[in-house]
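Novice: Sequence annotations record features per position, and here Swiss-Prot assigns signal peptide to 1-18. Feature annotation from Swiss-Prot assigns domain 'Peptidase S1' to 25-249. Taken from Swiss-Prot, the feature disulfide bond covers C31-C163, C50-C66, C98-C256, C142-C210, C174-C189, C200-C225. If you look up Swiss-Prot, you'll see N44, N121, N185 marked as N-linked glycosylation site. According to Swiss-Prot, the feature active site, charge relay system maps to H65, D110, S204, an assignment based on similarity to another entry.
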Amino acid sequence: MVLIRVLANLLILQLSYAQKSSELVFGGRPCNINEHRSLVVLFNSSGFLCGGTLINQDWVVTAAHCDSNNFQLLFGVHSKKTLNEDEQTRDPKEKFFCPNRKKDDEVDKDIMLIKLDSSVNNSEHIAPLSLPSSPPSVGSVCRIMGWGKTIPTKDIYPDVPHCANINILDHAVCRTAYSWRQVANTTLCAGILQGGKDTCHFDSGGPLICNEQFHGIVSWGGHPCGQPREPGVYTNVFDYTDWIQSIIAGNKDATCPP
């Protein structure tokens with residue numbers, strides 16, 4: 001466990017610009033130690049990959065564009081410098097993607113469901129997050145979190161994950177901001193219209209939490225992050241709940257919404 005922890009610390013510290021689609025929390029504050037019990041770290045031998053969300057003891061949800069070879073998942077992490085005694089590491093046993101996902105668009109149907117090689121034990125710093133019972137309404141206040149950049153134009157990453165509150169915005173805001181590409185109906189548009197708070201580099205795959213339910217997956221957004229009228233685009237978890245539940249129940253041929 002000590003060797004795994006040392007490796008994980010080194011990997012988390014090796015953050016870089018390698019993934020142009022990854023996002024981070026800019027304009028936030030340090031999360032409280034028990035505020036992110038469902039937050040997962042994905043990493044491999046090349047470094048930190050993405051965030052993820054624990055939805056039960058055997059399954060994690062993250063962004064499809066976070067997929068990589070030979071990654072591991074780390075649970076219960078708060079500080080990169082101080083070990084939590086209940087931290088746990090797992091390998092993916094199986095990975096599931098939408099079968100109708102466009103192969104030439106890395107953020108199309110940007111969701112990956114991961115079955116763990118063994119169950120994670122709930123603890124002081126580890127607990128699953130509930131799937132949504134209904135979609136969030138425009139204006140809802142939601143929370144983002146992650147170890148991504150705290151200054152969009154500099155390689156500055158926090159020791160502990162940062163959290164920030166943002167709002168669900170009308171889809172038209174994102175369609176106007178990103179008129180050069182399609183903003184899918186199965187996404188959420190979320191942020192602050194005047195800018196200053198946003199997910200940013202290396203927050204990809206992490207959760208958007210509204211009313212203590214798992215509503216969104218960090219997918220993509222403006223560059224640099226946190227600019228006025230350039231909010232983040234999040235996979236709408238509610239639209240994929242039937243697919244998630246079908247896969248967990250053993251129906252590996254389940255399809256995603258169009």
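Quick reminder: no glycine exception, Cβ is built from N, Cα and C everywhere.
What does the local environment look like for each feature on the list?
Specialist: According to its DSSP assignment, C31 (disulfide bond) is coil.
DSSP assigns N44 (N-linked glycosylation site) to a strand. A sphere of 10 angstroms centred on the C-beta of N44 (N-linked glycosylation site) encloses 13 other C-beta atoms.
Counting only residues at least six positions away in the same chain, the Cβ atoms of L42, L49, C50, G52, M112, S204, G205 sit under 8 Å from the Cβ of C66 (disulfide bond). Reduced to three states, the DSSP call for C66 (disulfide bond) is helix.
Under DSSP, C256 (disulfide bond) is assigned to coil, being neither helix nor strand in the three-state scheme.
Within the same chain, residues at least 6 positions away in sequence whose Cβ sits under 8 Å from that of D110 (active site, charge relay system) are A63, A64, H65, I217, S219, W220, T235.
Within 10 Å of the C-beta of N121 (N-linked glycosylation site) we count 11 further C-beta atoms, all protein chains included.
Within 10 Å of the C-beta of C142 (disulfide bond) there are 22 other C-beta atoms, taking all protein chains into account. According to its DSSP assignment, C142 (disulfide bond) is in a strand.
According to its DSSP assignment, C174 (disulfide bond) is helical. The local packing around C174 (disulfide bond), expressed as other Cβ atoms within 10 Å of its Cβ over all shown chains, amounts to 25.
The Cβ neighbour count for N185 (N-linked glycosylation site), using a 10 Å radius over every protein chain in view, is 10.
In three-state terms derived from DSSP, C225 (disulfide bond) belongs to neither a helical nor a strand segment and is classed as coil. The Cβ neighbour count for C225 (disulfide bond), using a 10 Å radius over every protein chain in view, is 26.
Classification of S204 (active site, charge relay system) by DSSP places it in coil, neither helical nor stranded.
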Novice: Within the domain 'Peptidase S1' (25-249), what mean pLDDT does the predicted structure show?
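Specialist: Averaged over the domain 'Peptidase S1' (25-249), per-residue pLDDT gives 95.
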Novice: Of the recorded positions listed here (C31, N121, C163, C174), which is spatially closest to C200 (disulfide bond) when Cα positions are compared?
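Specialist: For C200 (disulfide bond), the spatially nearest of the recorded positions is C163.
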Novice: I want to verify one value. Collapsing DSSP to three states, which class is N121 (N-linked glycosylation site)?
Specialist: coil
Novice: Go through C200, C256, our disulfide-bonded residues, and report the one whose Cβ sees the most other Cβ atoms within 10 Å.
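Specialist: By the 10 Å Cβ neighbour count, C200 comes out on top.
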Novice: Across all the protein chains here, work out how many other Cβ atoms are within 10 Å of the Cβ of C210 (disulfide bond).
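Specialist: C210 (disulfide bond) is surrounded by 23 other Cβ atoms within 10 Å.
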Novice: Could you give the Cα-Cα distance between C31 (disulfide bond) and C225 (disulfide bond), in whole Å?
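Specialist: Cα-Cα, rounded: 20 Å.
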